[in-house]
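Quick look at what Swiss-Prot annotates:
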| type | residues | note |
| --- | --- | --- |
| DISULFID | C96-C188 | disulfide bond |
| CARBOHYD | N4 | N-linked glycosylation site |
| TOPO_DOM | 1-24 | topological domain 'Extracellular' |
| TOPO_DOM | 49-56 | topological domain 'Cytoplasmic' |
| TOPO_DOM | 79-99 | topological domain 'Extracellular' |
| TOPO_DOM | 120-138 | topological domain 'Cytoplasmic' |
| TOPO_DOM | 158-194 | topological domain 'Extracellular' |
| TOPO_DOM | 219-235 | topological domain 'Cytoplasmic' |
| TOPO_DOM | 259-271 | topological domain 'Extracellular' |
| TOPO_DOM | 292-310 | topological domain 'Cytoplasmic' |
| TRANSMEM | 25-48 | transmembrane segment |
| TRANSMEM | 57-78 | transmembrane segment |
| TRANSMEM | 100-119 | transmembrane segment |
| TRANSMEM | 139-157 | transmembrane segment |
| TRANSMEM | 195-218 | transmembrane segment |
| TRANSMEM | 236-258 | transmembrane segment |
| TRANSMEM | 272-291 | transmembrane segment |
Amino acid sequence: MEGNKTWITDITLPRFQVGPALEILLCGLFSAFYTLTLLGNGVIFGIICLDCKLHTPMYFFLSHLAIVDISYASNYVPKMLTNLMNQESTISFFPCIMQTFLYLAFAHVECLILVVMSYDRYADICHPLRYNSLMSWRVCTVLAVASWVFSFLLALVPLVLILSLPFCGPHEINHFFCEILSVLKLACADTWLNQVVIFAACVFILVGPLCLVLVSYLRILAAILRIQSGEGRRKAFSTCSSHLCVVGLFFGSAIVTYMAPKSRHPEEQQKVLSLFYSLFNPMLNPLIYSLRNAEVKGALRRALRKERLT
């Protein structure tokens with residue numbers, strides 16, 4: 001490399017500090033979780049594409065959420081499983097940086113898609129007469145494309161700042177994958193600016209969207225309480241509670257990981273929390289939506305019935 005930057009070539013990822021038998025068990029569990037993530041989100045995406053009754057803005061964005069969850073998990077889980085099965089857990093420097101970039105980008109996309117989904121529920125419940133104009137297919141397409149493009153552009157900012165740092169060791173990160181705060185500890189230079197940018201990005205992409213979601217749902221709650229029909233109120237609560245569960249899991253774990261004072265959460269606890277945030281959320285999202293959503297369950301039953309008839 002040019003200039004005074006020194007680059008390490010390989011990075012060592014720590015192994016789980018457990019015996020061989022438990023390591024095999026963990027490998028099996030993580031493989032099962034990853035398989036459930038692929039199957040669950042794949043089924044959600046497939047049902048939404050195939051069932052014309054689900055061709056609505058809400059399920060359009062839910063299909064994007066399924067794509068994000070599959071991409072998010074596929075970014076690091078296969079490498080983590082490979083490291084569990086091998087004696088040496090290493091990753092080259094630039095693939096590690098790319099893993100960090102994709103980790104941030106997909107997390108940003110999920111934040112924005114969840115905000116758009118809350119706006120969709122707000123428009124549907126609070127402004128039903130204007131819903132078709134507020135959430136036309138053109139608007140939905142623009143919101144979806146903007147969420148993806150903006151998220152990847154935002155993830156480029158910390159990536160460029162990371163690549164401007166010299167990396168001369170140590171060669172081991174104290175994390176199970178290339179998480180950005182752990183990667184920064186490999187730099188042999190002051191990372192103050194990087195940490196400030198990461199915190200500012202967290203405020204912008206976590207706190208800001210979360211406030212928008214909460215405001216939307218306060219308005220939604222007030223509108224639901226005014227609904228006269230018990231069936232209509234139940235359906236609205238069911239749909240919104242599913243979305244709130246996903247929002248709580250995602251934003252809650254992310255804010256604790258990246259914005260809570262580090263003294264209150266030791267590094268080992270943060271590793272476990274980050275693992276939960278990155279491994280379990282993508283698996284739980286389709287379960288939450290399929291178990292609590294009558295329309296998704298109905299579409300799944302129709303698909304299974306059609307399969308049996310053929």
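A Cβ is built for glycine as well, from the same backbone N, Cα and C atoms used for every other residue.
Tallying C-beta pairs under 8 angstroms between the transmembrane segment (100-119) and each of 139-157, 195-218, 272-291 places 139-157 first. By the count of Cβ pairs under 8 Å, the stretch nearest in packing to the transmembrane segment (236-258) among 25-48, 57-78, 139-157, 272-291 is 272-291.
Counting residues per DSSP class in helix, strand and coil order gives 13 helix, 0 strand, 4 coil for the topological domain 'Cytoplasmic' (219-235). Listed by sequence, the residues of this chain that lie at least six past the ends of the transmembrane segment (25-48) yet keep a Cβ under 8 A from its Cβ atoms are 16, 18, 54-55, 59-60, 62-63, 66-67, 69-70, 73-74, 77-78, 80-81, 84-85, 279-280, 282-283, 285-287, 289-290, 296, 299-300, 303. When DSSP labels each residue, the topological domain 'Cytoplasmic' (120-138) comes out as 16 helix, 0 strand, 3 coil, counted as helix, strand and coil in that order.
Taken residue by residue with DSSP, C188 (disulfide bond) is part of neither helix nor strand, so it is coil. Neighbour counts were taken as the number of other C-beta atoms within 10 angstroms of each residue's C-beta; across the disulfide-bonded residues C96, C188, the minimum falls on C188.
A Cβ distance under 8 Å defines the sequence-distant neighbours of the topological domain 'Cytoplasmic' (120-138), meaning residues of its chain 6+ beyond its ends; these are 57-58, 61, 216-217, 219-220, 223-224, 236, 239-240, 243. Mean pLDDT for the topological domain 'Cytoplasmic' (292-310) in this predicted model: 76.
Remark: secondary structure over the topological domain 'Cytoplasmic' (49-56) totals 5 helix, 0 strand, 3 coil, with classes taken from DSSP. Under the DSSP three-state reduction, C96 (disulfide bond) is assigned to helix. Residues 4-8, 10-14, 16, 76, 79-80, 83, 91, 93, 96-97, 99-101, 103-104, 201, 258, 267, 271, 274-275, 278 of the same chain lie 6 or more positions beyond the ends of the topological domain 'Extracellular' (158-194) yet place their CB under 8 Å from a CB of it.
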